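Under the heading transmembrane segment, TrEMBL lists B:14-37, B:44-61, B:67-93, B:105-129, B:149-170, B:199-218, B:224-243, B:250-269, B:275-296.
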Amino acid sequence: MLELQSVHVSISGISILRDISFRAGQSETIALVGHNGAGKTTTLRTIMGFTQTRGSVTFEGRDLIKVAPHDRPGLGIGYAPEDRRLFSGFTVEENILLPARIAGLSPSETAKRRDRAYSVLPELKTLAPRPAGSVSGGQGKMVALGRALMSATRLLLLDEPFQGLAPVLANTYAAALRRLHELAPEISVIITESNPELLERFANRVITMERGAIASDRIVQQGAAQTPA
Amino acid sequence: MTTTLALIALLDGISYASLLFLVAVGLTLIFGVLGVLNVAHGSLYAIGAYMAATLGGWLTAQGYNPWLTFPALMAAAILTGVVVGGLMERFLLRQIYEKDPTLQLLITFAVFMVLENVQRMVWGVQPYFMSEPLRALGNIELLGIRYTAYQIVFLPVMAILTMVGLRYFLRHTLAGAKIVAVTEDREAATSIGIDARKVYFVTFVIGACLAAMGGALATPTTSVLPGMGANMIVLSFAVAATAGLGNIEGALLAALLIGVARSFAVYIMPETEVLMPYLIMVLILLWRPMGLFGAVQARKI
C-alpha cells in the first residue's frame, strides 16, 4: 500500500534520512522506533510531503512525490504531528471537523467519520465545545488523533503520541488505538516512539531506525518476532 | 480651544481614522497571515486613489449620474487589489516567503519605489480631484456643525462594516477558517488538506483590496497626487504597530487614537501634526512593547 524506496532526505545540507526502504501493507500497525534524531519524524513528514525527498514514495500505486502535500489527506492519509499542533482559535469539535469541511465531504460522510472518531475516543465528546487552546497536553493528543482520523481512511501517521503522556492517559490512548483497529481494521497505522516496549503491545511490526537509516525490521506477533517476508 | 473647534477636530479625526483603518487593517492582515511587512501596501493605496479618480472622472465627463461614482470607487478598489495585488503576490512575494524578513522588507520597498514611478508615468504629477460622491451625499448638521455626510457618516460606516465583515469572514466562513488555520500553523494546516499557497494569495489580494479601497474612498476628500502612498504607508505602519501587528480589532482603535490625536494637533499645535502619530506609537510601545493588543511572538524584523 505504502512503499518507500531508497529515500534520502537532507535538511540544510545535513543528511537526515539515508536509503530508507520499507513497505507498509494494509491493516498493518507499524512502530517506528529509535532514539531522538534517528529520523522517525522526518520519515512521517516525508510521507506527508514536508521534506525535499530523493528516492521514491508510492501510495496505492501512485507516485506520492508528485502529489502536493495538501492533496495527500484527500488520498485517505491522516497525520497527527508531534506536539499536537491544534488550531487554538477553534473549539475542539471545529478542529476535528475542519479536515472534513476542507475536503468538502457530504454531511453523512462527515457524520460517519466523526462518529467513528468519537467511538474510538469517547472522551472527545465532552471536550468538543471547549476552545482547543484550553485543553491539557494529553487531551490535546486525543484531539489531534481525532482530527487525523477524519482524513485517515487508509493510512494513519502518529508522531510520538505517547511522549509526555501520564501513564493513565497513555493507557487510554493505547486502548483507543486498539478500538480503532477493531472498528476499522483496513486502516494501516505508523506510530513513532522512542520507547519500543510501549508499542510492542499492539504493533505487529517494529522498524528500528538509527542515525537516519533502518537498523532492523521485525514482525512482532504474540511475542514472536520474525523478519518480514 | 473652543468646544466647536474641539468637535470639528474630533469629526476630522474620525473621518481620517476611517481611511487609516482601511489601509492599516489590510497591512496587518497580510502581516498576520503571511508574516511579510509589505511596504508596497502604500502603492496599492495610491493606485486605488488614482484608479478611482480616473474612473469617477470619466463617468462624470460622460455625464452619468453622480451616484454612479460610488460603485466606481468600489470597482477601482477591487480592480487595483485583484490585478496589482494579485500580480505582486504571484510573481514576487511568493518567491520570498521563506527568505530573511530584512530582505522581504527591502524587496517590498523596492516595489514601492518602482510603483511610485509607474504612477508618475501613467498619471503625471498634476493632482486629480473627484468630489462627486462628497457632493452627492451633501452635508449634515451635528451639534451645530455642518460637516460632509461622506466624511462623517459614509467613511466611518465603511470602516465599521469592513471590520465586522472581516471578523465574520474569518470566524464563520470556510475560507476564513483556512486563513486562521494557516496563520496559526502552516504545516498542520497543510496536513489537513489546506492549500497554503492559495490561502496566501487570497489573503494578499484581500489586503491589497483594502488598501486600494482606502485610497479610492480618500479620493473625494483629498487631491490625488504623487507621494500620497508614502505618507499613508508610514501612518498605517504606526497604526498597525500601535495595535499590535496582526490584530484586526485593535487596528480600529489605534486608527481612531492616531487619527483623532493627529487632527487635534492640527488645531492646537500645527507644528506637531506630523510628529503626533509617532509620538503616540512610541509612548504605547514603551508601555506595551507588543502593541495595545499584540501577543508576544518571535522577532520578525
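Cβ from N, Cα, C; glycine included.
Note: TrEMBL annotation is automatic and uncurated.
Contacts between the transmembrane segment (B:44-61) and the transmembrane segment (B:275-296): absent, as fewer than 3 C-beta pairs lie under 8 angstroms at sequence separation of six or more. In this chain, the transmembrane segment (B:14-37) touches the transmembrane segment (B:149-170); three or more CB pairs sit within less than 8 A of each other, excluding pairs fewer than 6 residues apart. Highlighted: of the candidate stretches B:14-37, B:67-93, B:199-218, B:224-243, B:250-269, B:224-243 has the greatest count of Cβ pairs under 8 Å to the transmembrane segment (B:105-129). The stretch in closest packing with the transmembrane segment (B:275-296), judged by the count of Cβ pairs under 8 Å and taken from B:14-37, B:199-218, B:224-243, is B:224-243. Counting only same-chain residues 6+ beyond the ends of the transmembrane segment (B:199-218), those with a CB under 8 A from a CB of the stretch are 18-20, 22-23, 25-27, 29-30, 33-34, 38, 41-42, 44-52, 73-74, 76-82, 84-86, 88-90, 93-94, 97, 155, 158, 162, 175, 178-179, 182, 189, 228-229, 232. Long-range contacts of the transmembrane segment (B:67-93) within the same chain, counting only residues at least 6 positions beyond its ends with a Cβ under 8 Å from a Cβ of the stretch, are 34, 36, 38, 40, 43-44, 47-48, 51-52, 54-56, 59-60, 104, 107-108, 111, 115, 130, 132-133, 136, 200-201, 204-213, 215-217, 219-220.
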